[in-house]
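Swiss-Prot annotations:
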- Asp131: active site, proton donor/acceptor (ACT_SITE)
- Tyr382: active site, nucleophile (ACT_SITE)
- Asp274, Gly278, Asp304, Gly322, Tyr324: Ca(2+) binding site (BINDING)
- Cys72-Cys397: disulfide bond (DISULFID)
- Cys104-Cys109: disulfide bond (DISULFID)
- Cys164-Cys211: disulfide bond (DISULFID)
- Cys213-Cys218: disulfide bond (DISULFID)
- Cys259-Cys272: disulfide bond (DISULFID)
- Cys261-Cys270: disulfide bond (DISULFID)
- Cys298-Cys315: disulfide bond (DISULFID)
- Cys401-Cys426: disulfide bond (DISULFID)
- 36-70: region 'Hypervariable stalk region' (REGION)
Amino acid sequence: MNPNQKIITIGSICMVTGIVSLMLQIGNMISIWVSHSIHTGNQHQSEPISNTNFLTEKAVASVKLAGNSSLCPINGWAVYSKDNSIRIGSKGDVFVIREPFISCSHLECRTFFLTQGALLNDKHSNGTVKDRSPHRTLMSCPVGEAPSPYNSRFESVAWSASACHDGTSWLTIGISGPDNGAVAVLKYNGIITDTIKSWRNNILRTQESECACVNGSCFTVMTDGPSNGQASHKIFKMEKGKVVKSVELDAPNYHYEECSCYPNAGEITCVCRDNWHGSNRPWVSFNQNLEYQIGYICSGVFGDNPRPNDGTGSCGPVSSNGAYGVKGFSFKYGNGVWIGRTKSTNSRSGFEMIWDPNGWTETDSSFSVKQDIVAITDWSGYSGSFVQHPELTGLDCIRPCFWVELIRGRPKESTIWTSGSSISFCGVNSDTVGWSWPDGAELPFTIDK
């Protein structure tokens, strides 16, 4: 074979090889395209099935929180959560908040809180000691997490609020507007369903803790009128976010603010703040038809702040150190009562739980259990109740729980801001321990210097 023939032969082989390679590449591309088309087609075909499955799961997850069980028997309180939001907020993006509270559905517990439209250690945190402003909003995040823009859900524009879950959706109540004409906006599953206008034109306000749901209906207490005199108080019954009934309390010489409410055996009990003239706490209990009873916790172990030293109580308001007050709670067990209160009698510091076995009906100051929650040398603040339904816990009773706000900043500390973190505890019938779980942040922050 001469050189020219060799060149032609080699060239022919290369050409054939190239053509075969090209055909294989074209075949591979066609195979990929066909495979992708089939895969995409299958995706489109399966989407309705996927949505159906999702909706079915959602429907299965929806229950009606009955609220017909009694409170679980307990002998103490186990720590449930601590968010450390002020400590984390010295370097992280954490909201400036007040009035945190916890509420649980049958699937989860969430921390709700009133933001100031500002972050800690930022210039907009200046002046956030103010209670009512158009920048305040109700938001929520998973319980135990520091509230930040990255884990929080907007709920409502509000400087006073409540929220609860009926087993199907979240109900939120957000009050905003001017002092002389505020409006409560009710949302169900995030959609506005009703409104309540201030009826006394004097700072309409509500619980700053969870509302209470029984058999698909949810209940809340609102106040309108003076904070240092006779005001007007109403109970509202709501179904799927709409007010279906309300009643004004006939309660001369009583004063109800910032009630902490819970279901128990199909009825609702609320323990509130008397900002007018009582250092013991007023209560109102009612059934699902809003037929109610009223009173004051009789115990000589006084629950408000400021308050006198423990002594002889009264089933009416105890006037000694009775003016002003702080949001709080108690749990009734027959004639006995678990009382949550600050350790200090004149400042919002420290916190303790006390079991008075006859304190709901008797006026002596004897008690049998005291559990430390926060040392008197550390700041506390508001406190309130929440419950965990059997649909969440798997128990055959309603578990009582409470949260404590740990206020930091103004007016007691040298900062430009006011905010707080929170801790929570739930009742158990097993071993517990008393200790101090303070906020623990080192102040001032960089913005304060």
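The chain as shown is numbered from 1 upward.
The backbone N, Cα and C atoms fix where each Cβ goes, and this holds for glycine too.
Model, not experiment: these values are computed from the prediction.
Nearest Cα neighbour of Cys211 (disulfide bond) among the listed recorded positions (Asp304, Gly322, Tyr324, Tyr382): Tyr382.
When the Cα of the residue listed as 'active site, nucleophile' is compared against those of the disulfide-bonded residues Cys218, Cys272, Cys426, the shortest separation belongs to Cys272.
Here the Cα atom of Gly322 (Ca(2+) binding site) is found 31 Å from that of Cys164 (disulfide bond). When Cβ atoms from all protein chains are considered, those within 10 Å of Cys272 (disulfide bond) total 29, not counting its own. It is 26 Å from the Cα atom of Cys104 (disulfide bond) to that of Asp131 (active site, proton donor/acceptor). Secondary structure at Cys164 (disulfide bond), taken from DSSP and collapsed to helix, strand or coil, is strand. Taken together, the residues of the region 'Hypervariable stalk region' (36-70) have an average pLDDT of 52.
DSSP classifies Asp304 (Ca(2+) binding site) as coil under the three-state reduction. Listed recorded positions near Cys259 (disulfide bond): Cys270 (candidates Cys109, Cys164, Cys270, Gly278, Asp304, Cys397; Cα-Cα distance within 10 Å). Shown are the disulfide-bonded residues Cys109, Cys213; the one with the most C-beta atoms within 10 angstroms of its own C-beta is Cys213.
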